[in-house]
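So the structure is just underneath, and the comments pick up after that.
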Amino acid sequence: MDMGKKTKMNLGKTAVLLLITLAVYVVMKALLISSILSSYWGLVLDQALITTIGALGLCIIYGFSGQFSLGHAAFYGIGAYAAAFVSKTYGHGSMAWFLLALPVGALTAALVAFLIGLPILRLRSDYLGIATLGFGIIVKVGMDNSNRLLPVLGGATGITGLPQVAGFDIIFLCTVMTVLLTRNFVQSSYGRACTAIRDDEIAADIMGIDTTRYKVLAFVFGCALAGLAGALYVHRYPFLHPSSFDFLKSFDFLLIVVLGGLGSMSGTIITSIAWVFLLEGLRFVLGQQFLEFRGVIYALILVVIILLRPQGIFGGKEVSVMAPPKAIPASGKEGPHADPGN
Amino acid sequence: MPILEIKDLSKNFGGLKAVSSFDLTLEENEIVGLIGPNGAGKTTVFNLITGIFPVSSGSIKFMGQDILGMKPFKITQLGIARTFQNIRLFKQCTVLENVRTIFHPRVKYGLMDSFLHTPRYSAEEERITEKSFELLKTMNLDDRAHLTAANLPYGDQRRLEIARALAGEPKLLLLDEPAAGMNPSEVGTLVEMIRFIRDHFNITILLIEHQMGVVMNVCERLVVLDFGEIIAAGLPEEIRNNQKVLEAYLGKGVVSA
Amino acid sequence: MEHFLDQVINGLQLGFMYALIALGYTMVYGIIKLINFAHGDVFMVGAFIGYYGFAKWGMPLPLAVITAMAVCAILGVVIEKIAYRPLRYAPTISVLISALGVSLFLEYFCSLRFVFGPNYRVVQRPFEEVHWVLGGVTFNNIQVMVAVVVIIMLLLLQYMIYRTKIGMAMRTVSFDHDAARLMGVNVDSVISVTFAIGSALAAAGGVLFAIAYPQIQPFMGIMPGLKAFTAAVLGGIGIVPGAVLGALIMGQVETLTAAYLPTQLRDAIAFAILIIVLMVRPTGILGKNKPEKV
Amino acid sequence: MLTVNNIQVYYGAIQALHGISFEVNEGEIVTLIGANGAGKSTTLRTISGLIRAKSGLIEFMGQDITKTPAHKIVKMGLAHVPEGRKIFPNLTVHENLLMGAYTKSDRTEIAASLENVFQRFPRLKEREKQHAGTLSGGEQQMLAMGRGLMCKPSLLILDEPSMGLSPILVEEIFNIIQEINQLGTTVLLVEQNAFMSLQIAHRAYVLETGRILLSGTAADLQANPKVRSAYLGDVIE
């Protein structure tokens, strides 16, 4: 196999991935335009994609780097508020300001993640979990009282009248970009450093990897994705309320990532979409009369899945387009041979 | 200049002396064995060299540089690599990934190249993969490159740890019981491999081992540790006939037996 | 100053209740390393059973408390058997997700109209509230009751853990399952007992809570559960005196913040203190940091 | 008394034992020797029920215990002193010993056992109220053995009792093992310290990577050049 063949294979996978997404896009678009998919289900679809972006962020943090975060929704919320602030104060529905609000949301979340991550990522497993959970609650209190700092943020009553400029197209595009970026990151040397930390932090350290640095890197990247998801969310739903970002939302992200199978991007993507549709689907299937059973059924499904598939649905595996190309050594070139005597 | 110079090294855990007044000088290209009964403090010496535990007193110099108080990853990046007595592979990763990961500190592309998979990324990945396969081949593991590390038999896991350590391009390699859990034919191969590694990669090797077959065959010099103190040092033949060593190591009955 | 002491007493009352809940978290964590998110909901079920007992079924209060404790002990054991035990050898995160599922199940199930219903209920206390003033400090009979009940339970628990065979077995299981098995300890039954005791304590806490802050609803367990868990981590999770210490600190922090700072900041300050403590002592105030063996 | 027949054990996908068979007769000291990683501890853990064998049969006192849970095996009279001792550091010496008699409920019997253990290990009596974590290595080993004896086992399994002990202490421990055996307890001993254990054992098995390589009387194996070479490292052929 010649040099560059592997590169081609990688490009090949990217091409296949893009083709699939294009096909999905065309089908979805057709369904939406022809109103086979009602605007209500269109909204659900957008929510599913936004959830996917946020969940991929946690997939990086927890699934690939092993950092147990129970505060992911806080960063989703920070992104949402930062973007809402930009759009509400300056944008007023302008597309250019909206496009600016997206990176502002992501970067604000990333910045906060960096500042909080540097000290708390020293903590291990459950202690880190509870510290991030605590951070999430602090952020929620901050949102509830945000009007004291900036009246436009609305405090406990939330913000209304946000311009709904995000549509299916841009949300879909952001999702595809997120999937590609995450995949590329995971399949790079930086991603491998993170995965090594997940598997054995001490060994990674002793094998020459600056563990603090890569834990923070993964955390910042994952939180930036949560921020991006939040920024999209506020431009899709006209009403922003602090309770959308409380710790129960963090648990949503967590259970998606775990049910999908830790360390599986494909699992995270599919579970995100399935989970959002399941929740709405239940509403639909149960009808008004039995709607109150929705929560009970939802909880039961959760317990049953985890009992049946403790490793998650995908159990760390990837579907082939998301998997790294199988590296094969260049033939012809002889490696050194130990060729031991016996 | 010696590659490693340890002087008067001591380590206490609570009141317990794990290592005391330990001296060791390694010259370039040596293979030296560190032996002694279970619990003698051998692995502690490795942990002190690689910076896992802070040293209680003494000095450690690597290629003339004082490495006391450095973080483990920094010490490794200077050129000391090791394997672990209780195998510590990146279990959920493939064999190949385990080796490729260790190239990270010297990788020649940035984060942006990672995100965008630029040509620079591709070329460098190509190089890392080639080198990893060379190392796997050296350790007879190239046909298992895509298996998950956790599913390898012990012998293969031990050899993978060595391959992984070599990926750090070390000047000094510390092997902690490389033969444990291997069958006799694997042990024979291992002895050859250790010699090959020394010659081919031009490195110094310090190894802890219980199987005397390996130690006597591969080491040029031995240091015997018991209760954290050196009780003997010298050529394998000398050690083999040293009564103090035989008693400490094999039990008192051995001489009469 | 008197106002301050009044607040300290209020904080003590809250802290005592947190302690009852925190003990269940810490015992379960000590034994199977699980953050049992369903624990706060067991507390809620306890509050409801107790309330039904004394308000609807006409039980005397002590009997209502005991009934709530018994029902919840069984509930705890059943939860462990169905949702956690099958995952004994699975990754801890799977068990945690299962616990989340159980937690949601209890909340939504209890919200069903034919169970407890989704709405707040105001609890009619089975006795009148009586205030006393002693040396300028005000306190009431509810606070005295809470203190007495909690202290009795703590002493009983202490006795059980340190003076009985099952307590000794619990301590060995929390050190090492295999070593305990080799002594002839049936680890599964010890785990069941732990869940039973933890849940019973939470139930007692629930009934006290219902009487002290006379309002109950199916989601009432979430915040106290979270606070109690935080208290357990603050004190050093897995350590019984740590849970009590952490709970008392949490109680004080909360009431004092509410009294002297904007009330809305209460939760933020409580969790900020947790984070700061963990920065200084990564395993809590009484926690021991065991270095990993290399 | 104990028959192990062709047991195979896996850790996940890795096979740790490739069909081990051996037996221990009443009154014997039998030792399993071999290098680190040979599968000695795994064998013991399988016998005492901590790990399940994938196939094979283990019989103790004529009963099939292959699938019996560990806590029931203890009750049948098999005590296992694990590698690394695993004493309970936060329990006192006294409590540790009581844990050893966990399966017993007769108070006078327990008191008698306690008396017995204290007689054999007077050092433990001196430290009765101390937390076990504060004991020295040798004392911890004595505590672990004493704890094992508390249930008056008919078979005592010892995993690496000499680990980390000074030669004098090792000798003391081995003397005690011999005494215990002479008083009627059968002993299955796993040791790295091969020659020491061959001296007190009646019979021995040599393990290598999950298989039995050699077996025979201790005296025969002690004289066997193959064992000597495996341990003393004459040139590998």
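Glycine is no exception: its Cβ is also placed from the backbone N, Cα and C atoms.
Cross-referencing A:1-18, A:73-90 with TrEMBL places the feature transmembrane segment at A:73-90. When Cβ-Cβ distances under 8 Å to the transmembrane segment (A:254-279) are tallied for each of A:39-61, A:73-90, A:96-120, A:163-182, A:291-308, the top count falls to A:39-61.
Highest Cβ contact count with the transmembrane segment (A:96-120) among the listed stretches A:39-61, A:127-143, A:216-234 falls to A:216-234 (criterion: pairs under 8 Å). Within its own chain, the transmembrane segment (A:216-234) is flanked in space by residues 47, 50-51, 53-54, 56-61, 64-65, 67, 69, 72-73, 75-84, 87, 101-102, 104-110, 112-114, 117-118, 121, 159, 162, 166, 170-171, 174, 178, 182, 185, 190, 194, 240, 244-245, 253, which lie at least six positions past its ends and keep a Cβ under 8 Å from the stretch.
Packing against the transmembrane segment (A:127-143) from elsewhere in the chain are residues 67-74, 77-78, 81, 116, 120-121, 153, 155, 242, 245-247, 250: each is 6 or more residues past its ends and has a CB under 8 Å from a CB in it.
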